[in-house]
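Engineer: Quick one: this structure, given as structure tokens, is what I'll be asking you about.
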Amino acid sequence: MARNAEKAMTTLARWRAAKETETGKQERRPYLASECRDLGQCEKWRLEIIREISKKVAQIQNAGLGEFRIRDLNDEINKLLREKRHWENQISDLGGPHYRRYGPRMFDAEGREVPGNRGYKYFGAAKDLPGVRELFEQEPPPPPKKTRAELMKDIDADYY
């Protein structure tokens with residue numbers, strides 16, 4: 001493994017440093033999506049976030065990473081999803097397309113849509129972590145019992 005000083009001297013690193021000094025600015029994603037007022041820039045940052053999400057989702061598929069690393073990756077993915085939602089809201093505010101209207105749905109193991117999937121999500125090996133598996137295996141609550149009034153409502157003289 002090369003040292004940081006050696007990595008900094010590579011041709012690519014020197015070229016990027018020269019480009020940054022030449023343009024006078026370093027391209028970094030704004031901390032708040034609302035700070036960006038250009039629709040094209042917002043689209044660019046949204047696509048960058050999507051690329052980061054897809055890389056992390058690919059990493060989290062490896063169950064051999066260990067419980068803590070998997071939990072950290074899952075937290076980072078959820079944070080990026082939240083940030084992506086902020087960028088999508090900013091894009092729609094600037095007059096761009098409404099991405100959230102056509103967004104993907106989350107499905108369980110049987111292919112049914114998971115109700116209330118707007119909150120925290122679990123990806124890849126995170127679904128098999130202790131404590132998470134039970135969340136997916138919860139049985140729906142039993143249907144409420146009919147009250148006496150509901151049972152007597154349909155009974156008329158023909159019943160007797």
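Just so you know, glycine gets a Cβ as well, placed from its N, Cα and C.
Found this in TrEMBL, in case it helps:
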type: REGION; residues: 1-28; note: region 'Disordered'
type: COMPBIAS; residues: 17-28; note: compositional bias 'Basic and acidic residues'
type: REGION; residues: 133-160; note: region 'Disordered'
type: COMPBIAS; residues: 147-160; note: compositional bias 'Basic and acidic residues'
Engineer: Run through the compositional bias 'Basic and acidic residues' (147-160) and tell me, per DSSP, how many residues are helix, strand and coil.
Structural biologist: 6 helix, 0 strand, 8 coil
Engineer: Mind checking how the region 'Disordered' (1-28) divides into helix, strand and coil residues in DSSP?
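Structural biologist: The breakdown for the region 'Disordered' (1-28) reads 18 helix, 0 strand, 10 coil.
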